[in-house]
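These features come from Swiss-Prot:
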type	residues	note
ACT_SITE	54	active site, proton acceptor
BINDING	158, 184	divalent metal cation binding site
SITE	79	site 'Transition state stabilizer'
SITE	93	site 'Increases basicity of active site His'
């Protein structure tokens, strides 16, 4: 059920939960629709990822989903298509406090992202709070002085180069957590479409341990319940355990198959695939 707006609109409860080591269970949103987002908001997840990298989301569709989630006790996380300074500025002005930025391969990239998410003098974020939903259009009097501290920056490491630089990336001040992307990582390691390959699995486990050892929050997406629980046991603190598109597709196929004859069902088996997506 919808909840009253939190007393402190600037407090990033998701960031504070990660800092406290409290596991946060999430769901990926790829349907790019506020109605679906609101359904998922009431399901009981700690966070929902609005995906702008692989789903057909833009700034306006992201805004609509943020508005749909606002009345619920769930933390929105937004993944932009790329770590572009200008796009990040727009998302932050919409009220996004937690960003998951894909394809971060070097500590230099990570430092640039920290700069993009902070107001001067700590960063280079442009100031336009009178136009920003984030400040409630200047109705939050201390927004400009507190905004930097409440931003949660999560960077996504998903390549061989990223793994090589993982320790340096995790050490960047202002990076709150590092997310391992199994699908792209498997491709980079030479196992396209096979994130469960032993080489990939070993690389993921090693990466999660290194992130935790660096004192940063470790995250991952796995629709395999056994694997998701395994990653939590390894110390991952923000774990997405499903994708809305997959949930809908599987439920629709299962329902249709239950009314079809056996030969049709055998001729059209449930797609398995190797990707967590």
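For all residues, glycine too, the Cβ spot is worked out from N, Cα and C.
Summary: among the recorded positions (54, 79), the fewest other C-beta atoms within 10 A of the C-beta are counted at 54. Considering only the recorded positions 93, 158, 184, the residue listed as 'active site, proton acceptor' has 184 as its nearest partner by CA-CA distance. Under the three-state DSSP scheme, residue 158 (divalent metal cation binding site) falls in the coil class. When the Cα atoms are compared, residue 79 (site 'Transition state stabilizer') and residue 158 (divalent metal cation binding site) turn out to be 14 Å apart. Of all Cβ atoms in the shown protein chains, 20 besides its own fall within 10 Å of the Cβ of residue 93 (site 'Increases basicity of active site His'). Between the alpha carbons (Cα) of residue 184 (divalent metal cation binding site) and residue 93 (site 'Increases basicity of active site His') lies a span of roughly 29 Å. Comparing the binding-site residues 158, 184 by how many other C-beta atoms lie within 10 angstroms of each C-beta, the top residue is 158. The distance from the Cα of residue 93 (site 'Increases basicity of active site His') to the Cα of residue 158 (divalent metal cation binding site) comes to 27 Å.
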